[in-house]
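Down below is the structure, laid out as structure tokens.
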Amino acid sequence: MGRVSTSHQPLRGVPAPADSGARVLQPPRMGRWALDVAFVWKAVLTLGLVLLYYCFSIGITFYNKWLTKSFHFPLFMTMLHLAVIFLFSALSRALVQCSSHRARVVLSWADYLRRVAPTALATALDVGLSNWSFLYVTVSLYTMTKSSAVLFILIFSLIFKLEELRAALVLVVLLIAGGLFMFTYKSTQFNVEGFALVLGASFIGGIRWTLTQMLLQKAELGLQNPIDTMFHLQPLMFLGLFPLFAVFEGLHLSTSEKIFRFQDTGLLLRVLGSLFLGGILAFGLGFSEFLLVSRTSSLTLSIAGIFKEVCTLLLAAHLLGDQISLLNWLGFVLCLSGISLHVALKALHSRGDGGPKALKGLGSSPDLELLLRSSQREEGDNEEEEYFVAQGQQ
């Protein structure tokens, strides 16, 4: 008989037994394909959400500027937008409640007036003054000046101890302030009154987003859902803006032939339709911002906001003929450098705390909840702060 080999050689066609920890099993091709598809799908989804946010954000800026050229009542326009937002928010709450069979949150009068009213008043003044400034300033000057809201957000974050003073923050402030000065210095289309309005809006915007952050961190109120937040804010915003409207626009609007003393029904319907469309854009902007944050992260919104500023200025120069000198462009780049530095610092700080965590929930649950519960408050603080900084760029 032949000699029997004692070497351990696997038989042909029979897989060798897996060594204990010696070999690493390669994932099957179907697994790799599934990962590739998931990555591509997430990239496409993110791009789609960013483009949706761009459409609403850039669209409402140019739309309001176009509308105020023929309709010189920006405060009334803003109040009608608030009414449309409230209508769509109430309708959305009703649809979500019917589909999820869960009652929506309704605040008591005490909580509503004590906790929501300050945020609503600041938001109303921010939006109202911003739209008012379109009567006097170009889209490019408006965009650049509104970017300075990051300054005021940082200042009020320091005052309310939501942020710690660091040398890097001082550099951010200097870059943004220096860029704003260079952009407005010897600008050929500079208007003092309009600049004061939009700068005041940026200042109030810093208060607005600081108060909004504090409001959303109060998990016991249950206003983490953007629809619920907009639903509760709009009535007080309307009431807060009404005295300003009554003083500056009430008499002129009551004698205007475009609204109350109309003689052409077709003109009245066109004006109301234009105002209603602006309200739809305003509602879409608020919802697309929260949708982008929840599906990706607030860092994505911050970066998208930076590129949105560039797109807005390029479109303003190309479509509206805004005159932007080389010094103005350098100032704009300097301001965006400050904003980018702040976003990068937030991202690094968040990664040091264990990695940035996207705010999950919106679009991933039946009732579109943003899950910002009190147990997650500390780990979500960095993401929330990045989100509110991104809002300061609007």
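Cβ coordinates are placed from backbone N, Cα and C, and glycine is handled just like the others.
Just so you know, TrEMBL annotations never went through curation; they're auto-generated.
According to TrEMBL, the protein carries these features:
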type	residues	note
DOMAIN	48-341	domain 'Sugar phosphate transporter'
REGION	1-20	region 'Disordered'
REGION	373-394	region 'Disordered'
TRANSMEM	39-63	transmembrane segment
TRANSMEM	75-96	transmembrane segment
TRANSMEM	141-160	transmembrane segment
TRANSMEM	167-185	transmembrane segment
TRANSMEM	197-216	transmembrane segment
TRANSMEM	236-255	transmembrane segment
TRANSMEM	267-287	transmembrane segment
TRANSMEM	326-345	transmembrane segment
Non-local residues, at least 6 beyond the ends, that sit with Cβ under 8 Å of the transmembrane segment (167-185): 141, 144-145, 147-148, 150-151, 154, 158, 195, 327-328, 330-339, 341-342, 345
Range from 75-96, 141-160, 197-216, 267-287, 326-345 with most C-beta pairs under 8 A to the transmembrane segment (39-63): 267-287
Residues from the same chain, set at least six apart from the ends of the transmembrane segment (197-216), whose C-beta lies under 8 A from its own: 115-116, 118-119, 122-123, 125-130, 132-133, 136-137, 141-142, 145-146, 148-149, 151-157, 160, 162, 223-224, 229, 372, 384-385, 388, 391-392
Interface-richest range of 75-96, 141-160, 326-345 toward the transmembrane segment (236-255), CB pairs under 8 Å: 75-96
Within the predicted model, mean pLDDT of the domain 'Sugar phosphate transporter' (48-341): 86
